[in-house]
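Lifted from TrEMBL, the feature list:
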type	residues	note
ACT_SITE	Cys99	active site, phosphocysteine intermediate
DOMAIN	14-155	domain 'Tyrosine-protein phosphatase'
DOMAIN	76-134	domain 'Tyrosine specific protein phosphatases'
Amino acid sequence: MTFQMLFPGDMMREMQEIVPGLYLSGAAPAESLAYLQEIGITHIIQVTDIKTPHFPGDFMYKLICVPDMEETNLIKHFPDTFSFISGALAKGGKVLVHCAAGASRSVTVVCAYLMKTQNMSAADALLHIQALRPIAGPNDGFMTQLNLYGDIEYDVNVNRTAYRRFLIASMAAQREMYGYIEDMTLAADPLNAGARPSAAGPSSTSSIHPNPSTIFASASQRPLKCKKCRRALVARVSVVTHTPGQGQSSFEYRKRDATLNVTEAIHTDISKINPVASTVCQSYFIEPVEWIQELHGLEGKISCPKCDSKLGTFNWSGEQCSCGTWVTPAFMMHKGKVDG
Ligand SMILES: [Zn+2]
Ligand SMILES: [Zn+2]
């Protein structure tokens, strides 16, 4: 008697084959050695809160221990899960990706694999899975990450502006929820750009070192400098633009809607700069940069790392620009203090 015959039609107790050799399920099938062996599973990706595998001697495991929350960063694992799945399938293996319910975390990992291999949008990949497993439904934060994965052409890399902005928005959300930021991703000090990441500083800090030949390629790409001492402060790619004049009415909504902030952060891009901004907006908003002091605090001053003159302020919860638009998080330098 097969496992399916014991539990006919019970979605929670079955695994579904999404593409040949790639299976998806909740926790129950992953706890049945007989069922796993009957299907011929060789590799298992376990995306749960549990840190230990059920049958470590019988299958190759990849463990991703994360909660099913909108704030969870799953996209950073996509390169690993992709190689694990494609490596196993190339060797003729069969892979099970499972979480607790087989609805959100595991579906997100399988969606990402489908998107990259079949060049599908996140929505199409999900529809394909739902046809086989109707309860499939990643949380909103994971859907945002899948769409972002498509936008950055499956290249999960801090040198991709959209991905960097997503990380910064996630840092702001972490700051708000937990009062601290676990992994800080900071824009490189332009004076260090292109240098090897320094051994100094906390190990949890990763810096962005964009290719300096890209950043300083033309006059329009020159960094913002301190008006007083001319010290280079931040690369152009790390200047965050916004739509001017969103006004007071949108303020409360924007401030409280984290998802909207993430979306805003992903889609703001230097290429979309509005000419009105140069007259109405009195501040440059930038990504958090290595040289800014006391970044773990909720808010603080931004002072020139060379001459110490006060350039502006930062606030992880956001600030309102002179044009009326709220930017979250806000790292703002007054235009009167900076040469753009
Ligand atoms: Zn503005
Ligand atoms: Zn200065």
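Every residue, even glycine, has its Cβ placed from backbone N, Cα and C.
Automatic prediction, not curation, is the source of TrEMBL annotations.
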Residues with Cβ closer than 8 Å to the Cβ of the residue listed as 'active site, phosphocysteine intermediate', same chain and 6+ apart in sequence?
Gly26, Ala27, Gln46, Val47, Thr48, Asp68, Arg105, Ser106, Val107
Using DSSP and collapsing to three states, where does Cys99 (active site, phosphocysteine intermediate) fall: helix, strand or coil?
coil
